[in-house]
Amino acid sequence: MEAVWRFFAEQYEPRNPFSIELHRNPTRSLYYETFLATSALTASVLLIYSLEYAAARSCCWRLLKLSSLAHPVQFLILVVPFLACVLDYPYALYTRFVLQFDAFCCLASAACCLHKRLRRRRSRGGMLDKPPPSTSTQASSVEQSNRPPTNDFQTVYRSIVYLSTAVCIFARDQPCWRNDFSKADSFGTALMDVGLGCFVVCIGSLGPTATRAKIEVNRSAAMKKAGAQFILLAFCGLVKSISVAIDIALDQTVYEESWHEYGVHWNAFYTLAVAKLGGTALELYILPDRMSPLLAALLAGAGHETLLASAGIAGYVLAPGQLEPYNRASLFGANREGICSMLGIPTLYLVGLQLGRWTGACAKQLELGADPQRQAVAMRRLLGRVASLLAGCLLYRVLLGCLPQLLLPESRRLLNPSYAAWIAAFSAFAHINVWLMMAAKLLMTEPQNLSGFRMAPIHLRQVDVVGLMYFLVANLLTGLVDFLVKVTVPDRESIDGWPCFVLVLSYMSLVYPAARLANRLLNVRAVIAKLTGCVSDAASAWRPCRLTAC
């Protein structure tokens, strides 16, 4: 117990003044490399759609429709190309592979879309135009309009974040991991730096007003749900803090090298808990009804940058030139990284809320079975909005290079506006890829079959359903598999190459089945519904919670 208590003790050393030279050190990976590596996941979805279309009129189609076969097939198509990007086996240079793979998937989907168009021209019949909806279809549309639409854009985006996070947290400790994708110490844009920001964006994308007007939202019920999820995430953070303290006490290891991420006792679960509760309150009680969330995000980012510069928060948190431990004389100082980074949460949350509103409006047109012209208009409007957001973020990046003395570069430890702009650019790029995927699926699908049609692959939908449990199980399996590898293979460097690739793939194959089993046993939905007092609305109570993983 004494060793555990020492983990929560505070220590102090004086700190040197902040120097702008800190952010001029070379970063691990370039700005665009995260975009390029994760594009393999959305390209894999195009390949899934192409295979489904090619097998639609063969005996293979009935086999692919079976959930027991669809899950492993889609899992391999999604995960294997991404592993080839983040691991140094089998390709030493992943850029050539990912460009060739993306091009192949795009060409395959384009060929399927062209074949579908030629078949429609040959039919000369009712397949050219969608038949007018019947009374039952209209009634069904009216009934569906009374509930939030199923947003497959966000489903695919969240699932990509879950899959990539699960791969990275395990593969980073393996000898075949590409070190360029590891977290940056102070400033940088590596692959593992996007995790926290993307999850805050995911939380904002399912805010109470993302799919309906504020006047239609029951504020007390929404705050109860957010409070229940806050308690759940804070409990997970407390368990992680205690487990780290016990691990240090048992192994007599030094954990100071990881303090710079969130602090001594803080972790990402606490940050996400604050993002859920604070973001919901900001959205319902502070954000004006007629103000765009994106405009509010710009104002919040400007205020945050002012505080970082004028109040000296950046120098207090980063403290260049100092070795750990220092300035840990108080609980606030011991956790200054995690506490001060909460100032950047409103910007990321509002960006996610804006993306949720944009994609929700388009998803509603697709789900209600609107005529093809209205669907095309909704899709073009969404593409224009997201592309404008991406262009604005890239313009900010250019401005950042022109004014290095005024604006700090991207820092995950600060969650500063430059980091928020990078996360917004990454999210916009991912949404554009998902838009291309959805457009290809629409071209491959008969118009009369679009009403209530789910376009996200079944494996991604199921991963999204168990989202929070998926991440928790991934963390637990990471520790368990690492322990087994340490016991069975003392020299971990000896499993480099194809054995390391197989090890990471085997780990990923266990995450979803274990998360699904744990979700059924623990019945988290019922727990959330019981805490909020809405037993009959358990599904809706769970819906925002499933994307609050770390």
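Each Cβ is built from the backbone N, Cα and C atoms, and glycine gets one as well.
According to TrEMBL, the features are:
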type: TRANSMEM; residues: 30-51; note: transmembrane segment
type: TRANSMEM; residues: 72-91; note: transmembrane segment
type: TRANSMEM; residues: 230-249; note: transmembrane segment
type: TRANSMEM; residues: 269-287; note: transmembrane segment
type: TRANSMEM; residues: 294-318; note: transmembrane segment
type: TRANSMEM; residues: 338-356; note: transmembrane segment
type: TRANSMEM; residues: 382-399; note: transmembrane segment
type: TRANSMEM; residues: 419-444; note: transmembrane segment
type: TRANSMEM; residues: 465-485; note: transmembrane segment
type: TRANSMEM; residues: 497-515; note: transmembrane segment
Two-stretch contact, the transmembrane segment (30-51) and the transmembrane segment (419-444), at least three Cβ pairs under 8 Å: yes
Stretch contact, the transmembrane segment (338-356) with the transmembrane segment (465-485), Cβ-Cβ under 8 Å, 3+ pairs: no
Same-chain residues near the transmembrane segment (382-399), Cβ under 8 Å, at least 6 residues beyond its ends: 31, 153, 294, 354-355, 358-359, 361-362, 407, 418, 421-422, 424-425, 428-429, 431-432, 435
Long-range environment of the transmembrane segment (419-444) - Cβ separation under 8 angstroms, sequence gap at least 6: 31, 34-35, 38-39, 42-43, 45-46, 49, 53, 109-110, 112-113, 116-117, 152-153, 156-157, 160, 189, 193-194, 197-198, 201, 297, 301, 344, 347-348, 351-352, 355, 359, 366, 375, 379, 382-383, 386-387, 389-390, 393-394, 396-397, 410-412, 450, 455
